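The following features are taken from Swiss-Prot:
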BINDING   CYS159, CYS162, CYS187, CYS190  Zn(2+) binding site
COMPBIAS  226-236  compositional bias 'Pro residues'
REGION    214-259  region 'Disordered'
ZN_FING   155-195  zinc finger
Amino acid sequence: MENVYISSYSSNEQTSMAVAATDIRELLSQYVDDANLEDLIEWAMEKSSKYYIKNIGNTKSNIEETKFESKNNIGIEYSKDSRNKLSYRNKPSIATNLEYKTLCDMIKGTSGTEKEFLRYLLFGIKCIKKGVEYNIDKIKDVSYNDYFNVLDEKYNTPCPNCKSRNTTPMMIQTRAADEPPLVRHACRDCKQHFKPPKFRAFRNLNVTTQSIHENKEITEILPDNNPSPPESPEPASPIDDGLIRSTFDRNDEPPEDDE
């Protein structure tokens, strides 16, 4: 691999041109061994170009400075991007990463894919220092199939249409905490969906006979042959008793007095 240099800076970063000519390999050799140097540079170049995220151009019109109390002001200013709904940290006044100060200064002086390349290098150096694998592609995922193998065709619910066990349960609708969710099963072979099976009522002859016998005894002990209670009389109308008098509107003529 040819030597990698950071040489493209913006016009307002002329003060960092001395750092731009620094060989990346000479800088990285201060932190990592030569055995991990080539792999780290190759990985950082690949990931920085593949997962590069374009920075959002912020202006004063869409940035709102948040206010903090003096007891919470620890030297870090926060900005809120109201247009893009983002909150991020900027202008750190507390010195961080003093061990990697040279590399951090290069990150601050660059932009674009070169900045992402240096950030990946810094991340990889820290992982190597801690003895952790920095390349996520080399990390083996833990298989929990022995414990949570819920999609095993051996135990799946068979499809009533094609009798296949290549089915998947899906939660269609969630409801309140005291109500069961709406669950449907989808068959991957015939592309049909069906309701989950329900438990059938288990009937035991002995239990049924015993319950019927108990019900007979209860009806013999407590017969319900008593006559119904008499109907209560209808309440008297308040108008008939003179409790409510007829009213009239003020625009109407007053009622004539009975002589």
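Using the three backbone atoms N, Cα and C, a Cβ is placed for every residue, glycine included.
Classification of CYS190 (Zn(2+) binding site) by DSSP places it in coil, neither helical nor stranded. Applying an 8 A CB threshold to same-chain residues 6+ apart, the list for CYS162 (Zn(2+) binding site) reads CYS187, ASP189, CYS190, GLN192. Spatially close to CYS159 (Zn(2+) binding site) yet at least six residues away along the chain are ARG165, ASN166, THR167, HIS185, CYS187, ASP189, CYS190, GLN192, PHE194, judged by Cβ distances under 8 angstroms. Helix first, then strand, then coil: DSSP counts for the zinc finger (155-195) stand at 0 helix, 15 strand, 26 coil. As a whole-number mean, the pLDDT of the zinc finger (155-195) in this prediction is 86.
Cβ-based neighbour count (10 Å, all protein chains) for CYS190 (Zn(2+) binding site) stands at 14.
The number of other CB atoms found within 10 A of the CB of CYS187 (Zn(2+) binding site), across every protein chain shown, is 22.
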